[in-house]
Amino acid sequence: MCSCLWNSFVRFTQSFLWEATSIFKEPYHAVLVGLDSSGKTTVLFRLRYGQYVNAVPTVGFNMEKVRTGGKGWIVWDVGGAERVRPLWRSYTRATDALIFVVDSSSSEERLEEARMELHKLTKQQSLFCSSVKRPRPPLLILANKQDLPTAREPSLLTKALGLQDLQESQQWMISPVCAVTGEGLDEAMSSLSQLIVKSKKSSPLR
């Protein structure tokens with residue numbers, strides 16, 4: 001069998017297996033939040049289509065079914081403008097994972113704004129999860145725009161966002177990515193998938 005036919009066969013088989021297994025396995029639910037212009041929609045479309053798609057600012061929300069990190073996902077992308085940030089609370093109440101996208105090349109003022117919004121959201125989520133007796137979903141911070149010369153390393157963003165000050169019950173991780181090229185996204189989602197499994201297994205509320 002020539003290589004082109006073999007490659008076509010492999011792609012068909014992978015697609016068939018994905019469709020077949022998705023019938024029996026529930027996909028994970030994740031919500032993308034973050035300040036406006038952090039790259040949330042670019043992340044979503046990169047995960048969905050496997051290529052860069054020019055995105056316009058999200059006024060409400062976007063939703064896509066994606067396959068990444070060895071798992072199926074339903075991913076919601078919620079607008080990051082200040083006037084729509086109150087919507088984050090509603091979208092993140094019943095989710096398997098929270099993904100906070102930050103522009104790693106942001107100014108100090110914007111990073112402080114991101115820190116305040118992130119901590120506000122996690123506190124709201126903590127209160128809600130406690131009230132309904134469900135475990136807190138893991139938090140993935142995507143340090144986006146790592147291709148830019150002014151991009152900060154994850155260690156610097158960890159301090160700027162005060163991640164070390166999050167409650168001990170909040171599992172989190174930070175991953176450097178570039179939504180335009182897709183670099184680091186699959187690895188980040190794979191690690192998040194493992195963190196979800198670990199969280200569910202170790203939760204006393206199971």
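Positions of Cβ are set from backbone N, Cα and C atoms, glycine also.
What TrEMBL annotates here:
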BINDING   G34, L35, D36, S37, S38, G39, K40, T41, G80, N144, K145, Q146, D147  GTP binding site
BINDING   T41, T58  Mg(2+) binding site
Self-check item: Distance [Cα-Cα, Å, rounded] between T41 (Mg(2+) binding site) and G80 (GTP binding site)
Solution: 10
Quiz item: CB neighbours of K40 (GTP binding site) within 10 A?
Solution: 31
Self-check item: S38 (GTP binding site) to T58 (Mg(2+) binding site) - Cα separation in whole Å
Solution: 11
Self-check item: Cα distance (Å, whole number) from T58 (Mg(2+) binding site) to D36 (GTP binding site)
Solution: 8
Exercise. Might you list, by sequence position, any residue in that chain lying six or more from G80 (GTP binding site) with a Cβ less than 8 Å away from its Cβ?
Key: V33, G34, L35, D36, S37, S38, K40, T58
Exercise. Tell me the Cβ contacts of D147 (GTP binding site) under 8 Å, same chain only and six or more apart in sequence, or just say none.
Key: C178, V180, T181, E183
Quiz item: Greatest CA-CA distance (Å) over the residues G34, L35, D36, S37, S38, G39, K40, T41, G80, N144, K145, Q146, D147 that the record ties to GTP?
Solution: 22
